[in-house]
Amino acid sequence: MTSGTRTPTWKERENNKRRERRRRAIAAKIFAGLRIHGNFKLPKHCDNNEVLKALCNEAGWTVEDDGTTYRKGCKPMDRMDLMNGSTSASPCSSYQHSPRASYNPSPSSSSFPSPTNPFGDANSLIPWLKNLSSNSPSKLPFFHGNSISAPVTPPLARSPTRDQVTIPDSGWLSGMQTPQSGPSSPTFSLVSRNPFFDKEAFKMGDCNSPMWTPGQSGNCSPAIPAGVDQNSDVPMADGMTAEFAFGCNAMAANGMVKPWEGERIHGECVSDDLELTLGNSRTR
């Protein structure tokens, strides 16, 4: 007996015998059940491997002598066949081919490449590009004249040259006015005239007509030089204070309210009982 091995004790040997007897008793019961209920022809002292082979055959598996196990009719490829590059698989092999890709080529397009037309039709874009380059800025409309908004600048297909610059209409330039008393800013430098401005209504003092203001376009207050009416917040021209005030400017001392101090009051008088303001004019 070699010196490197350890001798099991008596207790360990007894435990090993007990486990082996228990295993054999369980195996004997399994074999008896297979003989009675499964009609298996097993010998009295059979090997466990033989029992496993019989169970595999009953379940539809094939067990060879070397232990190779596979389903019946689906023998796997040999290892040597795989090394030699053989691709012939058994009929019931577990190898499944991937399904055909669900790729549907899109219809052929002239501008976008498709699987059937990977490069696209580049010649179809040439007429469109030629038509785009042939449109010179002179063919596009130019808006000018009596317009409140700024002139529309057409998009240029290429950089403008000296002969392509469009000169504004002289009528539009004549509408530009530079105020004398206004501040020197780009807002007051070039202002197009208001197309809705009525000079006759301005001379007659019609406060309901639209009036022009420097630096603005649209319906605004009139342009009046400063220094005319020192008592009011907004300078007014001569002869315009009485007409511009809602009511009569001469009655301002009697409680008449100017437009920049309160609401608009008509010529007729309203009784104090129907007044909707928070305060009363008598208590003021």
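Backbone N, Cα and C atoms are what each Cβ position is placed from, and that goes for glycine too.
Listed in Swiss-Prot for this protein:
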- 1-21: region 'Disordered' (REGION)
- 6-88: region 'Required for DNA-binding' (REGION)
- 85-116: region 'Disordered' (REGION)
- 85-97: compositional bias 'Polar residues' (COMPBIAS)
- 98-114: compositional bias 'Low complexity' (COMPBIAS)
- Thr153: phosphothreonine (MOD_RES)
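Taken together, the residues of the region 'Required for DNA-binding' (6-88) have an average pLDDT of 84. Counting residue by residue with DSSP, the region 'Disordered' (1-21) contains 12 helix, 0 strand, 9 coil.
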